[in-house]
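What follows is a short report on a single structure.
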């Protein structure tokens, strides 16, 4: 063999035998050649199993292993003989190499392959004998029959797993035998058949084993499951199936077999939906609470509920189109027929792939297929449907004939969007396709599809379309997403009309000095023309906005648009004409005001009708009445003209009480807003405005074009512009304040924050069991909250006993998560309270040290008994501790002593009780001797808690005797003569030394626990008031216990609760940190593991203790143990934002359900009777209890949709191994993924796509459950929603919780899930909830100060903000995760997100829009919370905010926002606007207000108007005018937006802690951060609407402790912040230089401080919040890196991170359309005002204001640019002219200097003039540059592009230096770096760590 061949074989062998990370779920190491079968061979699932068994038996019998490998090779050869599939050739080559190696290892000699079958048969027998198969079966059956409450559940689990593994191997051996030979001996055949019967539960299934009976899964024994399976069986009304149709012998035929045969659905789709329907029916049946029957039967109510819920959208669609559903009358439809319809619908849905986004298209398909099915049902023998003619080899006829044509056209349109860069108006998205089915025109598509229809017309590819000018393009449907800001007016025109009219009205009143006389009234009536003109503008926009959809939109809708246009055109002309005529009439003397009266009547009638209709529409009864009156043409016409009618958005009204609530809410806001506007904005400007208008003869500094004879209009605009801008945005500020107060009051009402400290937790603990029973426990029949005192104690004991197992499981989970120590765990655990003590036993952390306090009180007391007891009772837990010790000592002594000893105990307790009754305890007992008693009891308990030995037994006897002596001689001072016999008997026995000789050592578990507990009570002297110490443990326990007192629905038994799924999309993020990732050091020498150890020092120690190591162990000592390394990886991953953390958290749902099922397993009738039984409260082994597991699986499913898991497996990525490990550790975890398989089709390689669901099998490998073929690549739109959509078919249940992969969950919160699900059936308004909003806790807040700001901001929104959105505003949407969806509602209406490219980039919120438009209801609930991670570095945060802002920019253009804006009532529309896109628009307005203010001031300064007017005002003592001109503009009214955060702090932390938190944030410069975020949101929101370019930003979710380079920050923030900040700085400098301020420097500072703060924040925040941002060495390296980046030339393949040129090209990529270029040009014109103003301020111009001066300045600028070009002339071009070039450059320099010198000498040009000229030319240059960049194609044609690029590089170099120089300066001072480090990481290292030590430790640069 050649060397190359040897190397190839080694390579292949290494690839095939590469070991996966970790062990399988049962401890076996996973490796070998199995698991490497390429996807192209995946159709034969045997190959993988055969190779696995070959691996397994390699050591037992290499020959058999060789036979199996050869057979696997032959199977792969048969599947792909030419090795054309991806990876097949490598696989075959590798497998052949393995076979050759197996042959080489044999002894020399030829192989007789004819004996292979005999060898295999012999090995089969041997394998059975070696593993004692028959005995194994018997043992398992005995254990299974030994009872459900057996303690051997763990043993049973091990036996079952072992049996399954052995039988899985036997199954493979048997399969290979049958494939190799048909002649198998009869005896062996019988044995194989017998064994195969035991492999039925190895058949892949998801939750319910329908294709094979399973003895190991208790789920099949549930009556509701049996009833559901029975209901779906093949019934007599169905036609017979042809004889050739195969049905597995392991199950009976069902109606799904009929549907599969008729429509040729895929086998796995049928299996998936069969289980889905069974699951739905079983859960619906269980909720009815029907008693179990001998033969379970499905109730008609369950069928009806599932039928109506599943087909509700179809029924609504039929009603909308005014046609009958396919079944006609529902009354006549049988249960079987209903189930048949439901099954057909879900089979269509399950195979529809991307068409699931078109819910009404699915209704159309279902309508026709159901009609076909009805035709076939009339026949005797089933026939294939005409629409699904079987012409496919793969049996996917439905997919090919029905779905594929639709997919092809959707895919063609999606391909035409140019990866999201094409205008939305040029291609059809999902909504366009779906809305085609909202009219009867859709029936033109016929059935089967008429593919010649224009609907199926594919667009020309964009490249071809540009060449073919006359190419046809199918138009949009009913809406066009044009990219323009006019959408804001178009969607929310009522708001803008209202604000404009109010401003006009208030201004009119103000200018009439507040007099409401006839004149004012006449002027106010000018609002009439304003209204109709603005409505006319809206109707014009209607016409323009529909451009691109006229050809495909319904003619009725188009008619409405043009009718409204005509109506408002005529109305605006008529009303305006009337008003003008009325005014003219009024101006004449003795005029009769007929026209005016007519005008008033017209306006009054119109307004009255509008108000009347609006009022009626708010009353649900009137709304329903108008719907019934739709048959009247006039009513229908009026409604149609008033509001457009679509399938969605009908009936958008709320209950009258809800309407009144949110109306009053807005009336308060509007009242405050307009009062502020009138008294503080408009009224103060009235007099100054009049004075400015009157001013004449103003001398302008510059050449004036426009200001002559126009009453100083520009000056008025300068003064009023900021006021108008504030007027438009301050309504959001008022909304913020009012909503914060309302949210605070709501939270207080809901009892949030009542337990906010450990002190409160301790104080209220005794109320927790009762509160728990009232909320989280199922109602007990005999339990009442009001009992008489004796019953009350017993009731409390019952409550405590029921509460204890749940509380203890919470504590154990906290320990497993390493939040508490072992000692804290023991203190926090609660006794079972199932013993004989007549009191409630509380956890030790409440009672610790209380005995010692009580002892000291008793010893020192001189009080009476009552006074003493009263002092003890002041501390309730001290009282409980004393009582428990008193009773526990009696109980223990009674149990361990003999008869004589018991008499002594009874005697003493009788005497003490008598003393207590007589109130003489202080005289009958010497209480000062109590310490002696306690010491003796402690000694005795210390001995008894150990394991029994003879020596200890003697010690115990002596201890009891000592106790006897102390009691008799030292303590008791009672008269013993009354019971002389007893005492003398005891004294005699004691004297003789045989008193207490026979001790019964505590053997009973309860007694042993009691002994240990008593010992702890008597020995723990330290107070446990700070237990637990960990802040996260404290927070979780406080929230959980607080939530027990909050209002929530009562819990139903697990069997009757709603079932639900959890759904997590995953792409390629971190699953589990590898050791390499944990130990990898960044440039500062910090590794993730080191960082985590320092941030969580207590948790690190707890982890080491948990794995059995000393808490001071170094992590390097763990590396020798693979199990410890794996635990270490999980420990670190559970503290990051990883998939492992999310999976662990979500699997708590299953654990909680298993515990709840286990503890509720007795029937409701005998719950109380069973209280005495230990098993009811004993939770030992609850996770192994079969019924608990089965019930949990029936109610809970977890699907993680790992989109590229198949690809990751193929490429052997570590993520794939980690996902497999998670599946092994979590048996209920399911992973869905997309697998692309290459196949040969007509000689060409064709890629097929499959949606697959896998779970871990018993061998730790993936077990494929379902594989559903897709029509093509499913990723046509946005990635995440497409990922969710492909896997949604694998979810189950009535609800689905969407969870992102950066989330966490907690066991104690999982206990409340069934309560939350009951909210779907609670009263939340007019409609039942369709989305349940859930509170989030942001767990990344402790990482850094930035993370803390983000966490607080997010927490404020997801708690207080969403609380108000849900109640009273009724506009809460879906803002991401972790909301719970009504699953059936949403999957039948388009899914849980929208996926159209770019427009749906914020995919989550569109599901909220869709739900609301389809008459859903979104609520919010705060008694349950889910953890969530957030971005922690400034760049991550900026990218995230950029993505969200861009997403909101796209929302502005969307049809969903338009329809909600149009169809909500006015107040709800305002709520919606200001909490979605309006928030971002107001943010942008805040920044624009600064620009308006500063440009206004610049105009006044440069024109000279400001100085003239102020001077005249001072002379005439016009203080109002003077004040207006010197307005100290405090634009940062945004300070009020901090109110929600402060009130949220106060509510949940308390007033003092809230103030401390807020002040701390201020010291950490949170204002700088929030001001910087303002710029981020403004930039991305505005740019997206103007130019597009929104895209998904992968922010990364790691720990940001690395230094970000200067160039990286510059690239990210240059255009969004730096350019804008420098523009503000320029404006401020111009105003400083040329503005006139009467108050001098102080006035300027007050006037401009907020603007300076914003500019500096935008410039320096990225460096201020950059780790090591001011470390000198880093700054030096950053400068070197930045200059290299700036000067490196771009080229093909060069990225923006490497070269300035490449980055600059990327920055200009968003300007693609003509509209973008024009908009950019118009915006850039503002930069030319600087030059025009400043040149007239130069000394050199003298007093002249001639236009020539301005012209000369352009010549100077041209000369400067020419000089720049001369000095930057490309040396590559000039290589042959070096000497000439240098000569020209020298001459040019000398001439320039000479010219400058001559100008200084001969003219008035001064040095300040030179600097002023620079101030003038820099903005002009930037303006020219911006315009040139916008028209890049033109510049390239003119050959000027390289010159433009050179100037742009110069500008970026200059801007970089302006920012860099201050950073370099401050870096000289070491204390700045230290201060910055403390500032950034104060939160993260609040437990005593100095980050500077971290940054210095292990840092390779520390020596520099």
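Yeah, the Cβs are placed from backbone N, Cα and C, and that goes for glycine too.
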Matching range for TrEMBL feature annotation, transmembrane segment, among 1599-1617, 1618-1636, 1675-1693: 1618-1636
Residues flagged as transmembrane segment in TrEMBL, choosing from 531-550, 631-650, 691-710: 531-550
Seg_contact(the transmembrane segment (1810-1830), the transmembrane segment (1472-1494)) with at least 3 CB pairs under 8 angstroms, min sep 6: no
Feature contact check the transmembrane segment (1642-1665) with the transmembrane segment (1850-1871), CB under 8 Å, 3 or more pairs: yes
Residues of the domain '1,3-beta-glucan synthase component FKS1-like' (336-450) by DSSP state, where helix covers H, G and I: 80 helix, 1 strand, 34 coil
Contact ranking winner - 594-617, 659-680, 719-746, 1472-1494, 1718-1735 against the transmembrane segment (1747-1767), Cβ under 8 Å: 1718-1735
Positions whose Cβ lies under 8 angstroms from the transmembrane segment (659-680), at least six residues beyond its ends: 502-503, 506, 509-510, 618, 653, 727, 730-731, 734-735, 738, 742, 1367-1370, 1465, 1467-1468, 1470-1471
Spatial neighbours of the transmembrane segment (594-617) far in sequence, C-beta under 8 Å, 6+ residues away: 522, 525, 528, 575, 578-579, 581-582, 585-586, 623, 626, 638, 642, 653, 1465-1466
Range from 719-746, 1472-1494, 1718-1735 with the greatest count of C-beta pairs under 8 A to the transmembrane segment (1642-1665): 1472-1494
